[in-house]
Amino acid sequence: MKLQLGSPPSDGNYLDAFIIALKAAEAGEGTVKLYSTAVKDFLEFIKKDPKSVTSEDVNRWIIHLMSKEGKIKGTEMKRARSVTLRNYVIAVRRFLKWIGVNVNPVIPRARRKEIRALNEDEIKRLFEATRRLRDKLILRLFLDTGLRSKELLSLRVEDIDLKNRMIRVRETKNGEERIVFFTEETEKLLRKYLTKQGSSERLFPMTYQALYKLIKRLGERAGIKGLRPHILRHTFATIAIRRGLPLPAVQRLLGHKDIKTTQIYTHLVLEDLMQAYKKVFEENTT
């Protein structure tokens with residue numbers, strides 16, 4: 001959903017006015033924080049009236065940010081930084097356009113995300129290593145629905161439709177509600193869990209940090225290093241595509257605004273196809 005911002009002030013504190021405009025346009029908390037941080041960083045760097053900003057100013061700022069990225073070690077950290085850099089430039093471009101300054105900086109590409117998904121053996125080991133009912137249910141929901149961590153933790157008991165095996169996801173990344181589905185096996189776990197849970201409105205009354213540590217601990221118990229909640233989301237998407245679920249359907253279930261984001265998972269399926277081809281046509285040659 002494109003944000004419809006009001007008109008900027010003729011003068012004064014443009015940053016404060018921009019933040020107010022974002023909130024008035026019902027931008028998400030994460031978006032407001034990102035945009036305000038990016039614009040503040042930009043204004044502190046250029047040290048001049050934003051109305052007099054040139055393309056050269058923006059390019060110098062981008063180079064400044066890129067120099068910081070170069071000092072970061074680790075693939076995941078570098079990718080995270082490159083995504084932040086890209087989002088910062090988009091935010092500043094939007095801010096400048098809002099105040100009437102037309103510059104079109106080149107938006108840096110984010111590093112390609114390395115997708116990791118669990119294989120069947122790892123999934124089996126993970127459930128064998130998980131004893132607690134709540135923990136098994138959390139794993140099953142991740143693997144059945146592809147929910148993001150914050151979406152899972154935002155679920156309320158009233159969002160669960162056991163009869164139709166559906167979940168109404170209200171608090172999503174893009175602000176648009178969606179429906180996801182779960183299997184018969186997960187339904188059985190849900191019924192047991194809800195019977196024992198008590199009167200809590202939230203399905204899983206726990207923090208993100210607690211969830212992250214739980215998944216990591218379960219992974220270690222199963223011999224899977226570095227397991228994170230998002231890997232379970234990747235696993236759902238990969239399994240769905242491998243089993244023939246159409247890409248637009250996977251996009252809707254994952255809550256992706258752009259199908260290009262979902263297409264990342266097709267690379268894994270192509271790799272499967274390549275390995276199968278090599279096994280048949282190359283390894284068996286005489």
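Cβ atoms here come from the backbone N, Cα and C positions, even for glycine.
What TrEMBL says about a protein is an automatic prediction, not a curated fact.
Over all protein chains present, the Cβ of ARG148 (active site) has 19 other Cβ atoms lying within 10 Å. Secondary structure from DSSP puts ARG148 (active site) in coil. Annotated active site per TrEMBL: ARG148 (among others), in sequence order.
A C-beta separation below 8 Å, combined with a sequence spacing of at least six in one chain, links LYS173 (active site) to ARG148, LYS150, GLU151, GLY255. The active site annotation in TrEMBL covers LYS173 (among others).
The active site annotation in TrEMBL covers HIS230 (among others). Around the Cβ of HIS230 (active site), a 10 Å sphere holds 15 further Cβ atoms from the protein chains shown.
Marked as active site by TrEMBL: ARG233 (among others). When Cβ atoms from all protein chains are considered, those within 10 Å of ARG233 (active site) total 21, not counting its own.
Annotated active site per TrEMBL: HIS256 (among others), in sequence order. In the three-state DSSP classification, HIS256 (active site) falls within coil.
Among the features that TrEMBL reports, active site, O-(3'-phospho-DNA)-tyrosine intermediate is placed at TYR265. DSSP assigns TYR265 (active site, O-(3'-phospho-DNA)-tyrosine intermediate) to coil in the three-state reduction, outside any helix or strand.
Summarising the annotation, TrEMBL assigns domain 'Core-binding (CB)' to 9-100.
Summarising the annotation, TrEMBL assigns domain 'Tyr recombinase' to 113-278.
Taking all protein chains in view, 20 other C-beta atoms sit within 10 angstroms of the C-beta of HIS256 (active site). Regional average pLDDT for the domain 'Core-binding (CB)' (9-100) in the model is 80.
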